[in-house]
Amino acid sequence: MKLLVIGNGGREHALAWKLAQSPKVETVFVAPGNAGTAIEPKLQNIDLTAHQDLIEFCRKENIVFTVVGPEAPLAAGVVDDFRAAGLKIFGPTQYAAQLESSKDFAKAFMAKYNIPTAQYQTFENADAAHDYVNQKGAPIVIKADGLAAGKGVIVAMTLDEAHAAIDDMLLDNKMGNAGARVVIEDFLQGEEASFIVMVDGNNVLPMATSQDHKRLLDGDKGLNTGGMGAYSPAPVVTPVVYERAMNEIILPTVAGMKAEGHEFTGFLYAGLMIDQSGAPHTIEFNCRFGDPETQPIMSRLNSDLSDLVEAAIDGKLDSVTAEWSPQTAVGVVLAAQNYPETPKKGDVISGLDAANQVGKVFHAGTTANEKGDVLTNGGRVLCVVGLGDNVAQAKAKAYGALEKISFDGMQYRKDIADKAINR
């Protein structure tokens with residue numbers, strides 16, 4: 001069968017690569033894809049992004065189903081459009097995707113359904129926001145209401161930082177429409193984890209646990225990014241935390257969306273903050289697989305992903321299980337110079353073949369020129385995954401592979417997975 005994956009990042013490379021491992025799958029088209037998906041066996045890039053063009057392509061090629069990688073097409077209603085055209089697609093509707101595309105929607109939804117999260121208030125007026133922050137004190141978290149590619153969250157450790165973030169979003173319009181409303185919420189202490197599940201509207205199939213590293217620099221310093229690395233499984237998600245996350249967050253969310261008359265289908269990702277007592281709180285929802293969590297998680301999936309997605313689209317997730325490798329996977333992101341602000345593009349990347357002999361290189365912000373050189377083409381350029389019998393081995397494998405790669409201004413964290421090693 002022929003499948004389609006929408007997107008051009010590392011997450012989409014990993015999803016398409018895993019789907020292509022199925023003996024049932026002939027070709028996975030990736031729209032628009034990157035330099036990695038262009039050369040991966042059984043994968044083929046197509047330069048289409050408009051929903052109608054994609055729908056026509058699916059009809060012409062008899063695509064069995066489509067998987068949506070990134071948040072932007074979901075928020076733009078790609079699932080609604082495909083379903084209206086009678087095509088199978090895995091992802092949430094535009095309404096359901098508001099769990100990610102509007103922080104205010106998500107917080108109000110959590111309050112309504114008693115899902116644990118930080119206390120919050122929403123503001124469109126800068127003066128009112130400044131007053132609220134002065135009353136609450138720091139540390140405090142300022143979030144752009146809309147989609148901001150993972151960079152719309154400012155964890156303000158001082159009042160000055162909080163006031164500056166409010167001005168950036170509400171007065172200086174630095175986030176555009178995404179920051180025209182801000183959600184201000186209490187700062188939560190604890191350790192973060194990514195809890196990702198597949199949902200068919202009613203049933204839930206959990207993916208392996210993982211932990212992302214949001215900050216740019218070692219020791220969780222520097223600016224927030226889309227994610228600088230991840231590992232799976234995440235030891236902070238103990239069996240008790242796992243049960244609580246399912247029963248207090250995931251299942252009430254799925255039931256709540258159904259009660260709202262908008263069943264959630266697709267990947268649902270709860271960003272958790274696990275406090276000292278082991279209680280999980282929801283920091284955010286994403287309506288798709290995480291990036292870079294997808295890369296290590298897919299590296300551990302032994303099941304046929306196409307079977308899981310088909311079951312989910314058909315409302316039969318309760319009839320399948322996911323089998324996981326007992327190994328640990330560590331993925332490290334290589335980012336371009338000046339990421340996350342104004343990443344430099346167009347630098348030649350060398351050493352990819354050598355790196356792929358040691359680990360697995362997933363492409364994100366890459367493109368190829370006429371000569372066949374692979375060039376940087378975005379903020380997060382590559383994610384290098386290593387597998388090992390324990391976290392330390394997997395980390396050594398990932399960094400061993402990464403050392404083969406070079407491009408001008410390459411930056412990466414050297415401490416990915418150290419939290420798990422030091423536990």
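Cβ atoms are placed via backbone N, Cα and C, with glycine included.
Copied from Swiss-Prot, the annotated features are:
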- 133-194: ATP binding site (BINDING)
- GLU284, ASN286: Mg(2+) binding site (BINDING)
- 107-314: domain 'ATP-grasp' (DOMAIN)
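The structure, with features from Swiss-Prot marked on it.
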residue : record              : Cβ neighbours (10 Å)
VAL133  : ATP binding site    : 21
VAL141  : ATP binding site    : 20
ALA149  : ATP binding site    : 14
MET157  : ATP binding site    : 12
ALA165  : ATP binding site    : 27
ASN173  : ATP binding site    : 12
ARG181  : ATP binding site    : 20
GLN189  : ATP binding site    : 9
GLU284  : Mg(2+) binding site : 19
ASN286  : Mg(2+) binding site : 23
Subject >> From binding-site residues VAL133, MET157, ASN173, ARG181, GLN189, the one whose Cα lies nearest ASN286 (Mg(2+) binding site) >> reply: ARG181
Subject >> Whole-number Å value for how far GLU284 (Mg(2+) binding site) lies from MET157 (ATP binding site) (Cα to Cα) >> reply: 19
Original post:
Cα-Cα separation of ARG181 (ATP binding site) and GLU284 (Mg(2+) binding site), in Å?
Top reply: 16
Subject >> Rounded to the nearest Å - Cα separation of ALA149 (ATP binding site) and GLU284 (Mg(2+) binding site) >> reply: 13
